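Summarising the annotation, TrEMBL assigns NADP(+) binding site to Gly185, Val186, Ser187, Ile251. According to TrEMBL, the domain 'Tetrahydrofolate dehydrogenase/cyclohydrolase catalytic' annotation covers 25-140. Here TrEMBL flags 159-299 as domain 'Tetrahydrofolate dehydrogenase/cyclohydrolase NAD(P)-binding'.
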Amino acid sequence: MANSLLKYYFFTCPSKYKSMSAQIISGKAIAEDMLNGIKSRISQRLSAGKRAPSLAVILVGGDPASSIYVRNKRLACEKVGINSIAYDLASDIKESELFALIQKLNEDDTIDGILVQSPLPPQIDEKLIIEHISASKDVDGFHPYNIGRLAVRQPTLRSCTPFGVIKMLNSANINIKGLDAVVVGVSNHVGRPMALELLLAGCTVTCCHRHTKDLQGNIARADLVVAAAGKAGLIKGDWIKPGAIVVDIGINRLDNGTICGDVDFETAKERAGWITPVPGGVGPMTVATLMENTLLAMELRGV
Ligand code: NAD
């Protein structure tokens, strides 16, 4: 059924679909396709006598979750043929030492992307570190220059998770233009650029955060919910408008070691039209978009 027709049914006759289970959007499968595409673009570059892109991945300290994220990013580099250069630094490194390393990487013409995994230890000001990375090598898309370009509808290097969400919805043939979207969470890295991406895509966007008075009411009115609060089970299934699209960015580690999102998946999938799982939803899209940004950063520098 055409996407527009599906939308018509979901948003005009929701009761008809009350017992219908949502379509699961497999970010994992979409990301896999993206990685294969990036791999062949890099192979073509190599055949044309050009070099492979290279990404400097900086990990400070041994935070277990950060180490897993960094490992996944390095594995993705290996898979697509990006040369990843590991900087595993001690947790007591001085801010000035990290500045010096970033400066060296900024000036190194063989480095196309620089990634500093967050969170950083308390002696290091993350905002200053991000601003110190050259905007043209900011493959995470966190630099105020790159966020600003997105805000003025001239995106260049776009924040990986929000842009990954847009790519995922596009790949699943879900047309979001004109939808009422609610983003839960307004962090600089995720929620805010997500709201800008949705605005750019033609949604009417509401941002909810920890001071929002009526989270449930806002979600109940939304055609598209994007959850990025980092609170397990914050969004209950029966808050979801029947047929709505639910994208769960949250990654929460429960005491029993399992990972879940911010949305109560089991109940939400009985009301939503489309929903992303955690794990296997947005996470792989973030990594694939990072790979694409690294290749793009290289191309934009004319290397
Ligand atoms: P953050 O802590 O910086 O921001 C959380 C935001 O949620 C804040 O704006 C806060 O106001 C809001 N919030 C907190 N409690 C709330 C509540 N009860 N009601 C409404 N809003 C509330 O976190 P972040 O870095 O933006 O990450 C958010 C989540 O996304 C985390 O679980 C993180 O692990 C996950 N994440 C996932 C990916 C991915 O690839 N899937 C990438 C980055 C972050």
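All positions are counted from 1 along the displayed chain.
Cβ from N, Cα, C; glycine included.
With DSSP states grouped into helix (H, G, I), strand (E, B) and coil, the domain 'Tetrahydrofolate dehydrogenase/cyclohydrolase NAD(P)-binding' (159-299) comes out at 53 helix, 26 strand, 62 coil.
Note on Ile251 (NADP(+) binding site): other Cβ atoms within 10 Å of its Cβ, all shown chains, come to 20. Less than 8 angstroms from the CB of Gly185 (NADP(+) binding site) sit Gly191, Cys208, His209, Ala227, Ala228, Ala229, Gly230, Ile249, each of them six or more residues away in the same chain.
A simple Cβ count within 10 Å picks out one of the binding-site residues Val186, Ser187 as the most packed, and that one is Val186.
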